[in-house]
């Protein structure tokens, strides 16, 4: 997967969205001709580490389950993708149709849902990660509405045949319901920059289960190249001072030289070692979550726009129904 990661990183030129699209295409190709279990094993072994390692260089940090869902989704999508399309051949045998044509039609419908895995990456709430019961129910309702609106937009039909601007409005509403945090990020950054020299103090002040987002740079021993990596340093419970929390939970010991902060020690088997952080790497940036209003506020304008589209389409639907009668 290291070679695959370098290949994807070279083609994407460090662009996050291009990297995800390339991983999706490669997962689709690798999933062809494989049964479900084999697809999961192969895809997650080869492609999941690519998103984790290459994405970390672009500041993308997501739970591993979200990465697995992303690559597995496209791997499964290969079941009805020509020219292999095992599911397409099985369906064609039942319907006595042409397997390639069946695969093409099936793929044309399935590819419309390709936006969903990207939402797994950018809005992990959809995977119900770290959410309570009532919020889970709320997310389920909102996500169901968003999926119905997205389907209506791709079919160009909601309450009645949609006009072009109504289709675009439905796509905008669906996107906002799926990922309201995007608009909040455009307004206010999700993280506040802090000086690297304050790492011990911030670790000491962090609440139970808190973390620090750190950007480190240094030489990768395996390749000899200078790398930049973004990691979320876990701090665990509030036991001990900041240095002790960083050492026991994040597996890092820092030192300060001439107003710069460097990694002085990496705890064996700790979190930092698993993230392939090494000695003498420099802590170049430190970020903590910023104080922001809840992202759910953007549901309100989206639902108001949806009400407008419903009102206009209902007004056209009544005369159309009367003319048919």
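Positions of Cβ are set from backbone N, Cα and C atoms, glycine also.
Copied from TrEMBL, the annotated features are:
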DOMAIN    4-131  domain 'TRAP C4-dicarboxylate transport system permease DctM subunit'
TRANSMEM  7-31  transmembrane segment
TRANSMEM  37-54  transmembrane segment
TRANSMEM  61-78  transmembrane segment
TRANSMEM  136-158  transmembrane segment
TRANSMEM  297-314  transmembrane segment
Helix, strand and coil counts within the domain 'TRAP C4-dicarboxylate transport system permease DctM subunit' (4-131) (DSSP) = 99 helix, 0 strand, 29 coil
Inquiry  = Please report, as numbers and ranges, the same-chain residues at least 6 past the borders of the transmembrane segment (136-158) whose CB is under 8 Å from any CB of it.
reply    = 112, 115, 125-126, 128, 166-168, 170-171, 173-174, 177-178, 299, 306, 309-310, 313
